[in-house]
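Participant: The structure is given below, and queries will be raised subsequently.
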Amino acid sequence: MAQILRAELNNAEGFESPIVNNDNTKNLCLVSPVPDICKNDPCMLGIDEAGRGPVLGPMVYGICYCPLDYEAELKVLGAVDSKSIDDKKREEMFGKLCEHPDQVGWAVEVISPTTISNDMLRRSKISLNELSHNSAINLVKRALEDGVNVKEVYVDTVGPPEKYQDKLSKIFPNIKVTVAKKADAIYPVVSAASICAKVCRDKAVSNWKFKENIEIVGDAWGSGYPGDPATKKFLQANLDPVFGFPQLVRFSWSTAEKITDEKCAPFEWSDDEEDGAVAKTASIQSFFSPANSTKQSIQLSHKFFTERKMKRCTDMF
């Protein structure tokens, strides 16, 4: 399981250093201090993500919370869907949220490309939807553990909104949960969460440190989305025929898999053969059955048995 780091932040500049200095193979959790008023007054909490679709970089989940009667103030601050404004406006809005630490709190989880790839390619696969759900649920749980008096949760849906809402309502039975499509454009508290997530993802990608000694100038990888020509060019130019892509790339994306299949050295997973061997392993009862099987004789002639001068036992008394 990836290590999750935790950093207490109280200003818009402070969050950048933990992201820049983070080990990019591990998840990183950043949280603001909890306003005292949010521990006493009933609060609303919004959840949204950034970077779900790209083949490059982390996926970031964010939450933002405030007292129920502070929603109108979020609108005044300019909380809107992060996709509808440019980078500069997003950073300005994030700065405004951080300028109100007595009313507004937030947290993000930066889910590394390594975690995404490992979970989606492991034997017991974890889908991107499940990864997303787990991150959102854990962020709410952390807010509750930190003492936030959460009474309402608003979520931009992943998958069918009805099923997701039912799932969250069962986990948090004392909280009113609303899951909706385009929630980041409907509820200001989700818009604020969207801005927190997007700003942190942008910082993580733009400050990425390549351990593979790759020299990259500016944002040569483009937007990170599979259809972007600049992203495709980056993938083609930064592929090792044995070790594959740098850690910035999500190996589990079909775009990356196609390129590795075409250009990397062919390989076979050894555990496929091991699975077959396990299926053919004799049961322990076979060692006590009559010695009339060639297969059993072969088993008993193994060096393990001969070195210990072990013989077949068919009669216990």
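Start at 1 and count along the chain as shown; that gives each residue its number.
Cβ from N, Cα, C; glycine included.
In case it's useful when we look at the structure, here is the feature table from TrEMBL:
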DOMAIN    42-265  domain 'RNase H type-2'
BINDING   ASP48, GLU49, ASP156  divalent metal cation binding site
Participant: Take every residue in the domain 'RNase H type-2' (42-265), average their pLDDT values, and give the whole-number result.
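Facilitator: That region's mean pLDDT is 91.
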Participant: Counting only residues 6+ apart in the same chain, whose Cβ is under 8 Å from the Cβ of GLU49 (divalent metal cation binding site)?
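Facilitator: Same-chain residues close to GLU49 (divalent metal cation binding site) (Cβ under 8 Å, separated by 6 or more) are MET59, VAL60, TYR61, GLY62, SER132, SER135, ALA136, ASP156, VAL158, SER194, ALA197.
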Participant: For ASP48 (divalent metal cation binding site), what residues in its own chain, 6 or more apart in sequence, show a Cβ-Cβ distance under 8 Å?
Facilitator: TYR61, GLY62, SER82, VAL155, ASP156, ALA183, ASP184, VAL190, SER191, ALA193, SER194, ALA197
Participant: Within the same chain, and leaving aside ASP48, GLU49, ASP156, name every residue whose CB is within 8 angstroms of the centroid of the CB atoms belonging to the recorded divalent metal cation site, in sequence order.
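Facilitator: Neighbours within 8 Å of the Cβ centroid, excluding ASP48, GLU49, ASP156: ILE47, ALA50, TYR61, GLY62, VAL155, VAL158, ALA183, ASP184, VAL190, ALA193, SER194, ALA197.
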Participant: I'd like the Cβ neighbour count for ASP156 (divalent metal cation binding site), meaning other Cβ atoms within 10 Å of its Cβ, all protein chains included.
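Facilitator: Counting Cβ neighbours of ASP156 (divalent metal cation binding site) within 10 Å gives 25.
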